[in-house]
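Sequence annotations record features per position, and here Swiss-Prot assigns signal peptide to 1-21. Taken from Swiss-Prot, the feature disulfide bond applies to 80-323, 244-258, 282-289. Residues or ranges marked as N-linked glycosylation site by Swiss-Prot: 101, 313, 336, 344, 376, 420. Residues annotated as active site in Swiss-Prot, with similarity to another entry given as evidence: 176, 360, 413.
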């Protein structure tokens, strides 16, 4: 009996060490047979006491993990789990769209995984997103700038536990709201490499898809985008331009003419799927909906056998939600314009790929083109189509600051609408080839 406290302490040490160091996942419920790639999951503690525990999924490159680039993938939201990227956009697995029957939903292999040519860390952030959690009540409200520092610390600690990847070329990547986080993170890493942190992270650049960049610009370009896509009439477009004077979403309440015209605009567009105007605005609980796998994800990941397989800490969170901050957790959006970070990163010489699904109404490609133009870098390669098997997959332009802009034809707010095309675009760019 006297040895019981020592055994308990030893057990706690083993559990904490096991969680923090990462665990290999060889099988996943819903997938037949062993996984055809190397998956590791785990937590990295943040802060002096490491009370914040950030959860990650790490997948090794299927080609040459010792030399291939190391990517960090952040999903948007803020507060959406990175498994959104893994299972819906650029990972090696996807949920099979089959009517839910009470059993664990099925997983299938994909042909468009970015892990074919890169090692990828899919990180659940901020605190409370996915399986990331805090052991103690938070004193400060999570924020953009706070998460940038947390993610930087995560990377330093993760690489210290995985030193074999320290020399791999590193790229930060993400989409949607990550457009606020990734550019600031790149700047933070760059500064840290010179000031505080050894060994330095081998930072080479960043990748962003349909990035939220400057709320006012992103929103205001929805009007010209809607006109160009024939969603509103010429007459409404000319009237709204004249009476709103380019400010469509933060309208002076005294400007009644503009308010009425904006109301007419919403009548024409509110029933659309704003994430891809070509896709139906459907109920995700319906098996006929393109996004039905999102509904299945909740059943899959909340199944106890799945959480056990992923080595999720049982005392961490209750029911998993794909996006948390939009619903119930306070968050301080203290970066309202990430353009200055892009400018600083350009000056530092980092490569960047900025891509836009050209049927996204949330962050229209026109808005992204506008802020890129505001950087005032000269054009190296003029606007041209990029091709896949003699077919136009989108259009691209490159700039003197090592920035490549590309559209993905027919795609929407995220890569899931055209995953094969987005993968080929990524594969060419990350290899240093022209699109």
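Cβ from N, Cα, C; glycine included.
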Counting across all protein chains shown, how many other Cβ atoms sit within 10 Å of the Cβ of residue 313 (N-linked glycosylation site)?
18
Looking at the recorded positions 258, 323, 344, 360, whose Cα is closest in space to that of residue 313 (N-linked glycosylation site)?
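Nearest by Cα distance to residue 313 (N-linked glycosylation site): 323.
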If you count other CB atoms within 10 A of each CB, which of 101, 176, 344, 376, 420 wins among these recorded positions?
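Buried the deepest by this measure is 176.
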Give me the CA-CA distance between residue 336 (N-linked glycosylation site) and residue 413 (active site), in Å, as a whole number.
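Residue 336 (N-linked glycosylation site) and residue 413 (active site) have their Cα atoms 19 Å apart.
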Mind telling me which of the disulfide-bonded residues 80, 244, 258, 323 has the densest Cβ neighbourhood, counting other Cβ atoms within 10 Å?
80
From the recorded positions 101, 176, 244, 258, 376, pick the residue whose C-alpha lies nearest to the C-alpha of residue 289 (disulfide bond).
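Of all the candidates listed, 101 is nearest in space.
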Taking the Cβ of residue 336 (N-linked glycosylation site) as the centre, how many other Cβ atoms fall within a 10 Å radius?
11
